[in-house]
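A quick write-up on the structure given underneath.
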């Protein structure tokens with residue numbers, strides 16, 4: 001089966017078969033016949049309507065992430081169990097990492113429809129649990145369901161582009177994130193306003209997500225009828241050939257690794273919980289890789305042939321590049337808000353100013369994606385633009401290492417340019433992964449690319465958070481006592497001063513012997529300690545970035561693959577007969 005699919009891929013995507021294989025007349029004739037009716041193919045109004053609901057489905061789980069992140073500190077104070085704050089966002093990415101690989105890959109066997117409908121239902125239940133949460137554990141449970149639904153909804157990232165011509169594949173990838181852009185921009189604003197009062201108004205944030213999700217579910221249920229067998233395999237046969245062992249190994253291994261990395265953000269890396277999680281988790285991931293490579297399972301989650309195709313340059317390189325680009329992006333995503341809270345926002349900063357400061361990063365990302373949509377095809381030279389956007393991302397992201405507590409304009413400029421570059425690089429890398437496999441394995445591509453996105457973010461967030469916290473602790477232990485002694489603060493208050501340094505001037509002035517001038521000096525020392533920690537994170541991101549630039553240079557040019565062909569048509573719409581499998 002795998003051999004047949006690989007041959008189909010070479011036929012569909014190789015533009016020079018006729019030139020270099022003139023003796024293979026049968027293959028050439030089949031290729032010509034396959035594309036004979038391409039001029040009649042079009043994206044119908046019903047397909048566009050389904051695209052709209054697919055975009056809603058992909059975006060609906062994401063609403064919980066920016067809103068919860070914006071109000072998490074105040075919300076957890078209301079709900080209690082503040083010690084669980086480190087799990088609020090990682091619980092989403094951990095669950096999404098697992099579900100997107102398993103369900104994305106198997107959507108090739110069982111169709112996209114039921115996975116996407118299930119994604120909406122799981123997400124809706126998650127929002128209900130979050131809205132009804134009366135403690136932090138319940139909130140995290142709801143967010144975990146949300147993350148699980150988010151991974152399943154990742155199938156939409158492949159379902160949207162396959163309904164439009166291949167030449168617009170990059171636009172389809174960007175379009176799938178359409179509602180995500182809106183949520184990135186307005187989510188932090190809504191979250192901050194919702195938590196201002198202590199009247200449980202924050203619950204409406206999650207009820208809003210529930211309504212949005214159910215609208216998406218209803219639209220897909222009525223209109224979206226894609227092929228039931230995208231890979232041409234009967235369901236019973238698919239069930240018998242499922243990669244059950246691989247799914248179990250990957251699920252347990254990924255959970256343990258990601259949990260271990262979250263642990264490192266608030267307990268020492270030498271703690272036995274960290275070591276056990278990471279050692280056992282990575283052991284299972286290695287076992288998963290060996291199983292995928294050497295087992296005889298019929299429908300593996302990671303088929304060896306797509307990774308080895310064209311010596312890895314067709315899919316393996318773009319897959320690794322996607323992981324690295326997202327990992328680098330999370331460096332900026334962690335550094336910038338930490339910078340804002342430590343340097344530019346205090347108790348006297350107005351809400352309007354706080355919200356304004358969130359816009360440079362939040363607006364630059366979708367702007368970069370829009371530039372890809374508008375100019376990507378006009379510029380062409382896809383490999384060159386992939387290298388250029390990756391280089392720009394790495395350059396401006398690494399330049400954040402120049403930060404001090406007082407070069408605000410420069411840092412905001414670098415953040416904006418880095419996020420702008422990410423908007424182009426991230427979606428182009430996903431386009432590469434989608435065009436690096438045959439259509440019958442597009443779900444596998446989407447599942448693996450989605451895993452790279454979520455896992456890259458989870459791994460990077462843990463690394464950056466550890467670099468920042470360790471840097472602050474190291475430099476703070478050096479600078480804060482010196483500043484306190486210089487300000488005339490007695491030695492007996494030193495421990496209290498070090499503990500309160502991150503809480504601001506009001507907390508410091510409550511300590512015996514601390515004057516307003518002393519509080520200001522200690523606060524300044526703490527800011528420089530934060531700058532040191534953030535600088536460490538920015539420099540650490542360079543390791544991701546340099547590897548990413550090298551990988552971008554090994555990509556193939558995808559220009560010949562971006563043709564007029566539409567890969568999938570709705571079964572309840574015109575042109576359904578053009579589907580290869582039904």
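Glycine residues also receive a Cβ, built from the backbone N, Cα and C atoms like all the rest.
Unlike curated entries, TrEMBL annotations are predicted automatically.
A quick note: this is a predicted structure, and the numbers were derived from the prediction, not measured.
Database features (TrEMBL):
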REGION    1-24  region 'Disordered'
COMPBIAS  1-19  compositional bias 'Basic and acidic residues'
TRANSMEM  47-64  transmembrane segment
DOMAIN    47-516  domain 'Major facilitator superfamily (MFS) profile'
TRANSMEM  84-103  transmembrane segment
TRANSMEM  140-160  transmembrane segment
TRANSMEM  172-193  transmembrane segment
TRANSMEM  205-224  transmembrane segment
TRANSMEM  244-267  transmembrane segment
TRANSMEM  273-294  transmembrane segment
TRANSMEM  315-336  transmembrane segment
TRANSMEM  356-375  transmembrane segment
TRANSMEM  387-406  transmembrane segment
TRANSMEM  537-555  transmembrane segment
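In this chain, the transmembrane segment (205-224) lies close to the transmembrane segment (47-64): three or more C-beta pairs between them fall below 8 angstroms, excluding pairs fewer than 6 positions apart. Of the Cβ pairs linking the transmembrane segment (140-160) with the transmembrane segment (387-406) and spaced 6 or more residues apart, fewer than 3 are under 8 Å, so the two regions do not touch. Here the transmembrane segment (387-406) has Cβ contacts under 8 Å with residues 321, 325, 328-329, 331-332, 335, 339, 342-343, 368, 414-415, 417-418, 420-422, 424-425, 428, 524, 527-528, 530-531, 534-535, 538-539, 541-542, 544-546, 548-549, 552-553, 555 of the same chain, all six or more residues outside its ends. Contact between the transmembrane segment (356-375) and the transmembrane segment (172-193) is present: at least three CB pairs lie under 8 Å, with pairs separated by 6 or more positions in sequence.
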